[in-house]
Amino acid sequence: METAEEDICRVCRSEGTPEKPLYHPCVCTGSIKFIHQECLVQWLKHSRKEYCELCKHRFAFTPIYSPDMPSRLPVQDIFAGLVTSIGTAIRYWFHYTLVAFAWLGVVPLTACRIYKCLFTGSVSSLLTLPLDMLSTENLLADCLQGCFVVTCTLCAFISLVWLREQIVHGGAPQWLEQNQQPPNGLGQQNEAQGVGNGGGENAALDQPANPPAENAVVGENPEIQEEQGDEEEEDNEDEEDAVVEDAADANNGAQDDMNWNALEWDRAAEELTWERMLGLDGSLVFLEHVFWVVSLNTLFILVFAFCPYHIGHFSVVGLGFEDYVQASHFEGLITTIVGYVQLAITLIVCHGLAALVKFQRSRHLLGVCYIVVKVSLLVVVEIGVFPLICGWWLDICSLEMFDATLKDRELSFQSAPGTTMFLHWLVGMVYVFYFASFILLLREVLRPGVLWFLRNLNDPDFNPVQEMIHLPIYRHLRRFILSVIVFGSIVLLMLWLPIRIIKYLLPNFLPYNVMLYSDAPVSELSLELLLLQVVLPALLEQGHTRQWLKGLVRAWTVTAGYLLDLHSYLLGDQEENENNANQQPNNQHARNNNAIPVVGEGLHAAHQAILQQGGPVGFQPYRRPLKFPLRIFLLIVLMCITLLIASLICLTLPVFAGRWLMSFWTGTAKIHELYTAACGLYVCWLTIRAVTVLVAWMPQGRRVIFQKVKEWSLMIMKTLIVAVLLAGVVPLLLGLLFELVIVAPLRVPLDQTPLFYPWQDWALGVLHAKIIAAITLMGPQWWLKTVIEQVYANGIRNIDLHFIIRKLATPVISVLLLSLCVPYIIASGVVPLLGVTAEMQNLVQRRIYPFLLMVVVLMGILSFQVRQFKRLYEHIKNDKYLVGQRLVNYERKSGKQSTSTPPPQSSQE
């Protein structure tokens, strides 16, 4: 290959030689056009890519075979290669079977049998444990239960490691690092410490350093005075932490240096991969890992389940609460939690005793164990107990809405306690999630600093685990009680009180119909599928809903701010803030002595400044008007009235609209209220969307409005046509095909006639169509995936009706129609001409659809096997006769020919 003098390799920057010629294998030009084959191969091994990272062109190599290679491989070579491949496949099959048996059989089964043995409570179970391990009774159930046990133990292990990292990097609590002071749970010393902190707090309140800030906070919320003492206590703790922190970090660093060798651990982490750990690399090293996992399971079951359970059991029996615990249907869980509480109290007492006798190592170990138990209990309370309380309170406050009583809930709990508790926990979790989402939306609208008393979940410095580690128990307990009061009050305001008002004003509106009725003209399953697959995704996938809610909140805030003269407090005043910032250096003393402060900075901002050793973060000053506490009280009253009215509208308008619309379809039959509410909510959303669009078009003039209406009408017509084809015809044909191929042969005997319900078939077809579309989009690239991606990319506003009909609807509908019609024509038109009996005709008509499906599947399997044999043939040929590969130059369709022998054209991405 001849190269010019200026042609150099893009990797080694050397020129080409007869032994090492230069190639141009991709679209790149200029100084990076040419490359040596050896350099490219080395770079591909390093980057693990098969294409150019700049032009995305896939590199191509042409194979070079030995001159003595025959035109067709001998049979003995093919047979030898086939035997070798079969032997390799069998070896891998045995190995992967052993891996699956070890991880999916031995590990969970061992964990389950050991768990049952420990909690049986008899010596005979320990003696018969080896025989129980080999028992074949309840294998599947024990394996599933063992998988759950293994998952819990692994999660506990990972949580312990992560908690250790939190303590190491975030620092241990002050009482753990001190030599004399025990944990915050001890009574007398905590009281002494609280008195000391209280004195400092009062002194801080008496200081005239910044009285406007303190007065502003007291005016904002009288309940914050107690919180202020806790904040000052944290400030004192932070000051004391600064003294001990360096020595503690030095000791921890020295201990880490003694116990950890970073280089060795990094090397071990590089060698230990998931494939090697699980045994997927072909080695038997995973058997050692199986042994360690079984040992770890046993240890964690013994330490974190067996011991706390029996400690709790002794406590429950000793206190005489055994009958109450058994009546709860969750004896094991409650007993274990009681055991953890008893263990935490014991650790606190032992920590105090160790501190008194100055056993530093024991004191530190007991303190760390107490932190682990404390964080575990707090996680259970925050994630488990609190949502459960919210769920039950929501259910209790909404009993009249569903015409239910507490007796009904008690009966449902007695019949299925686990399901009932899970559903209430799930409802409470959804409530907490949406409440937190609404708080985040409020933070986007309100002035930074208004919601300082609520934790900012978007704050990068917010770490709930660090709060669990550092804050004392009474702080968490008080926060939990306040959260229950706040969340419970909101439920009363937005659920219980509106229900009472609705029952008083509209006696016939409630209760909601939430029971399943057999006289419904439509299938409940079909309505569920329609709701889950069509209505709810259309509502949840719209970003306009959040923008509307944000706009409503902003409008309400502006209105309330101007009515109560709290605009600066709620939304801030940027111009006034800038003026105040310019006047701040000159008027600091005047502001400090002003009885009515101009700028209130807030306790939370000052507290954040102390913690972060800087200025207040996420806070804007505001102007404080006269009679500020009264205005805040009126603001809260106005907010409660607004929430009450909004709740009344949400509980009545969608359901009323949905009932009115569904009455045209179902008549007087009772329909599940979930569907009427969803239908009404969807109609309300469409109405609001249309109104907002028209309002946005109004300033543009009548001509522009007519043009927009024309464009939208055309777009709606196109969308309706596409919806009829893709959301109507295709799901109906798909549901009928599924009914004929799968459902009818399995459910209807040959001597009976199958009945088809087009509505149910269409509803099931919608589900099947969505599943097929999702699988297609996740699969390899082919024409259907390309078309669906193009339709998604165009969207509704740029919908191409001709493209959708020609490329998507016509091929799909044609295939479905052929799948439905060809078997029917064969069974009803061709088979009777053969002179067969009526029974045979009936058999053919009923079984031809699954038979043709089996034929298609068999043909697909045969085609796959043919492709695999071709790959095996190429593999055998390459193993025996391949001597090398030559890089293929990139050739444009209308360009100059390559200087080398033209190889086959390479594929491009």
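Note: Cβ is positioned from N, Cα and C throughout, glycine not excepted.
Owing to the predicted nature of the structure, the values given are computational and were not obtained by experimental measurement.
These come from TrEMBL:
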- 223-242: compositional bias 'Acidic residues' (COMPBIAS)
- 1-62: domain 'RING-CH-type' (DOMAIN)
- 175-242: region 'Disordered' (REGION)
- 139-163: transmembrane segment (TRANSMEM)
- 290-312: transmembrane segment (TRANSMEM)
- 332-356: transmembrane segment (TRANSMEM)
- 368-394: transmembrane segment (TRANSMEM)
- 480-502: transmembrane segment (TRANSMEM)
- 522-540: transmembrane segment (TRANSMEM)
- 632-654: transmembrane segment (TRANSMEM)
- 674-698: transmembrane segment (TRANSMEM)
- 719-742: transmembrane segment (TRANSMEM)
- 762-784: transmembrane segment (TRANSMEM)
- 804-827: transmembrane segment (TRANSMEM)
- 847-866: transmembrane segment (TRANSMEM)
### Message
Are there residues at least six beyond either end of the transmembrane segment (847-866) with Cβ under 8 Å to its Cβ atoms? List them, or say none.
### Response
737, 740-742, 744-745, 822-823, 826-827
### Task
Sort out the residues at least 6 away from either end of the transmembrane segment (804-827), same chain, that have Cβ-Cβ distances under 8 Å to it, and list them.
722, 725-726, 729-730, 733-734, 736-737, 740, 784, 787-788, 790-791, 841, 844-845, 848-849, 852
### Task
With DSSP as the yardstick, break the domain 'RING-CH-type' (1-62) down into helix, strand and coil residue counts.
14 helix, 10 strand, 38 coil
### Within-chain partners of the transmembrane segment (139-163) [C-beta distance under 8 Å, separation at least 6 from its ends]
104-105, 107-113, 115, 293, 296-297, 300-301, 304, 371-372, 375, 465
### Non-local residues, at least 6 beyond the ends, that sit with Cβ under 8 Å of the transmembrane segment (368-394)
160, 163, 167, 172-173, 176, 183, 185, 337, 340-341, 343-344, 347-348, 351, 421, 423-429, 431-432, 464-465, 468-469, 473, 476, 480, 483-484, 487-488, 491, 495
